[in-house]
Amino acid sequence: MSCLTAFLFGGVERRGNDTTPSSGNMQDTSVFSTTPADKPSPSPSPSIWASRPWTPVRSEDSSAIIGWTKARVSYLDSSPLEQQTLDVYIPLPPEHSTTPPPAGTLPLLPGKWIIFIHGGAWRDPKILSSAFIPAARRLLATNPGEISGMASLNYRLSPHPDHPSSSPDDAAGRNAHHPDHIADVLSGLSFLQQLAPDMEYVLAGHSCGATLAFQVVMRKPERWGLPGMQIRLPRAVVGFNGLYDLAGFIARPDEGFEDLREAYVEFTRGAFGDDESVWRDVCPTTAADPGGWVGEWAAGGGQKVCLVQSPEDTLVPRGQLEGLWAVLEDAGKGEVVVEEREASGGHDAIWMGEGMAPVLVEVLRSLDQ
Ligand SMILES: Nc1ccccc1C(=O)C[C@H](N)C(=O)O
């Protein structure tokens, strides 16, 4: 490995040659910058980052160390909430093949990042950032060599009628309403991008996490009513069994999915309130002016969308993928490559098994070809 750069808070520690860790063709036009911000972007606190140790990720077959992880790092300095944390994974840097990197550092191999947003209908307290563990483990085990780092984000949830909160902090983290979910996702991305400036990344999401991934590229933060933040946009968005048109499903559930209408109404109201125009506005298939956001995102060059839908999914119909596909084909006008990849298993089987990892690697590899 010719280049190993370690980022140390309070000063940059560089070893090896002095090239940047990313492949460097990120275009400035894909950075949404808004100034002046009425609140500053959250800045990573060295003590919070350093307070979480690197722990080994081990191969299931040989128990050899295949990478390092920091779990549940707060991405907002002032927040005690589990829901405002993220997990980071890094492939093995040569210098740290058996001993953990110092807790205050983020050793970076060259390559791109994969960042994951979990699903759970904006409310399920049992589906968290840990949903990415099977994919992270598989990606580290196969070590494709193009990955600089990976992260999985938590975000505040809306209340779930079947799962009362278990503590005051749990209640505080589970009383979110739009735009809280996307605000947290953007805060998490901003935190990561201060750790790894200039990162190029694939943003992937499952179910409502796929909706959130598109919300990142759909609008500038202030259009969600959020304070300005400097967010570098992803090169690719990958949606696994994603929700892209809530209002459309609720108005006309797909054949065979009619029984789910009430559940969709319940979680949509829980996350976005009763105003149906908001339901349309927050979804990539139905938001006004798709040409606008696709064009702004595509201005960076080389952007890609990959949509994945398991045929056996009993919670999300294929119509969700098809609706978004049609809009992107029309609005993207060839500027954004849209592709579909196969998957199998039920709604959650795609992340519980190892189905996401091969798709993510293929998308990552295809970006600079
Ligand atoms: N009904 C759905 C339809 C589509 C997507 C997810 C769901 C869920 O139920 C997710 C989650 N397990 C929940 O308890 O809210």
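Every residue, even glycine, has its Cβ placed from backbone N, Cα and C.
Bear in mind that TrEMBL entries carry predicted annotations, made automatically and left uncurated.
As the structure is a computational prediction, the values presented were derived from the model and not from experiment.
Note on TrEMBL: of 53-57, 118-122, 283-287, the range annotated with the feature motif 'HGGXW' is 118-122.
The residues of the region 'Disordered' (152-178), classed with DSSP into helix (H, G, I), strand (E, B) and coil, number 6 helix, 4 strand, 17 coil. Over all protein chains present, the Cβ of ASP313 (active site) has 22 other Cβ atoms lying within 10 Å.
Reported as a whole number, the C-alpha separation between SER207 (active site, nucleophile) and HIS347 (active site) equals 8 Å. For HIS347 (active site) paired with ASP313 (active site), the C-alpha to C-alpha distance reads 4 Å. When other Cβ atoms within 10 Å of the Cβ of HIS347 (active site) are tallied across all protein chains shown, the result is 18.
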